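A.B. asks: So TrEMBL lists these for the protein:
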DOMAIN    7-407  domain 'FAD dependent oxidoreductase'
REGION    176-210  region 'Disordered'
COMPBIAS  191-210  compositional bias 'Low complexity'
BINDING   Thr218  FAD binding site
BINDING   Tyr271, Arg333, Gly393  D-dopa binding site
Amino acid sequence: MPEEQYDAIVLGAGILGLTIALELAQKGVKVTIAARDLPEDVHSTAFSSPWAGASFVPWAENAADASREERTFARMWAIAQTRPDLVAVTPFRQGWDTPGAYVKPISAAHLPDFRYLPPDECPGPFKFGVGFTSLTLNPTTYTLHVLSQLKELGVKIHRARVSSIFEAFSIPLPPSPSKPPSVAAAGSTNPASLGSATSSSSSPPPTHLTSPLVINATGLGSLSLLGVSDPLVHPAKGQTITVRAPRVHESLGWKEPRDPSDPSLAGQSVYIIPRPGSGGLVTVGGCYLKNDWSTDVNPTVAERILREAVLLCPELKGEDGRVEVISHNVGLRPCRVGGTRVELEMFDLEAKRREYGGVVPVSAPSVGLYGDRGKSLGARGKVGVVHAYGVGGAGYQDSFGIAEDVAGLVQEYRASQGLEASKSKL
């Protein structure tokens, strides 16, 4: 059966999966992406990337997360110098009322001008505040930018579904349509035109994607993906409103809702994020509802968000004194108790087949995956999984740092199995 053979298969096409694939491809690794939900699914709430706040507010509480955040910030800052329509350098202010309510994250050290604000510079009605210069992103156009880079590097994206991590080493593809889908130009701004694959040819279409190495960037899927089934994974529902407010040019936020009598607001924050390159669109939020799988818009939450956002930033109102609401949005953050999991796991597929007694689908790459070397699984016969999930709401903010860490683990796996990707710069 025709196969497409790769050094690595990335499971998941959220911002982490896309960035990991880009990092690997730029280092010479032959990589492809397989996912149930694709970037063209712009209205899907099954993954959170399209609905992300996508701004750089320091949050890391440990050295590993701080390092990822700092490395991503540096690379995003470089993008902002040439593509401010995708990533914009933006002033930030955050305020609060209760002394000690804010603890400076260790990752704030990489911001160029982090400072505590005097009372007359605090946002809205607040007594305390911090200010700094950071970055805001436009999730839609930034994702399209990453997709165009992947296309230039020849990385294909396939719509596929797997039920277990053990079948991800040889993924069957659905039959090709009689007429291949059109492929968007690199500069296209229409996600739907990108199709489920980035290229076509006159040769017989492949029936399987095969690789001895899988990158698990499935986000919330890691809760139900057999062979992973991580009970620490959980959603945190987020709800935002997109408004048109061309007078808003800074990002604002706070941690303390203005109605302390409502216990449902405990721990909820408010934020205002202008979207670069959007013609004056602003995202206002939000909420953080742990273990809430609902993707319905809650009108009560929406009313609270808008009420408190206007209190924080009156410029959200137009000249007629009204807020122009464009849309209500819901996404599920892919969270994990204990934080992001970024690690390499290696195992013998035959042992896993015996362990699960044939209940879990297990698919091995074909023998001879690496040509005349005759090595399908490496010198020691083990496949590898690099896990990269559980980032919560920091997917964009940590994306390059996580991708760099994953690339290091890919190198570790390949070295352990005596495998070398051609042209690899790992």
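Using the three backbone atoms N, Cα and C, a Cβ is placed for every residue, glycine included.
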A.B. asks: Using the centroid of the Cβ atoms of Tyr271, Arg333, Gly393 as reference, list every other same-chain residue with Cβ within 8 Å of it (recorded D-dopa site), in sequence order.
C.D. replies: Ala52, Gly53, Ala236, Gly238, Gly285, Gly286, Tyr288, Gly392
A.B. asks: Tell me which residues of the chain lie with their Cβ under 8 angstroms from that of Tyr271 (D-dopa binding site), as long as they are six or more apart in sequence?
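C.D. replies: Long-range Cβ contacts: Gly53, Ser55, Val57, Ser251, Leu252, Gly253, Thr283, Val284, Gly285, Gly286.
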A.B. asks: Between the Cα atoms of the residue listed as 'FAD binding site' and Arg333 (D-dopa binding site), find the distance and write it as a whole number of Å.
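C.D. replies: Between the alpha carbons of the residue listed as 'FAD binding site' and Arg333 (D-dopa binding site) there are 12 Å.
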A.B. asks: If the D-dopa binders are Tyr271, Arg333, Gly393 per the record, what's the largest distance between their Cα atoms, in Å?
C.D. replies: 16
A.B. asks: Under DSSP, is Thr218 (FAD binding site) helix, strand or coil?
C.D. replies: coil
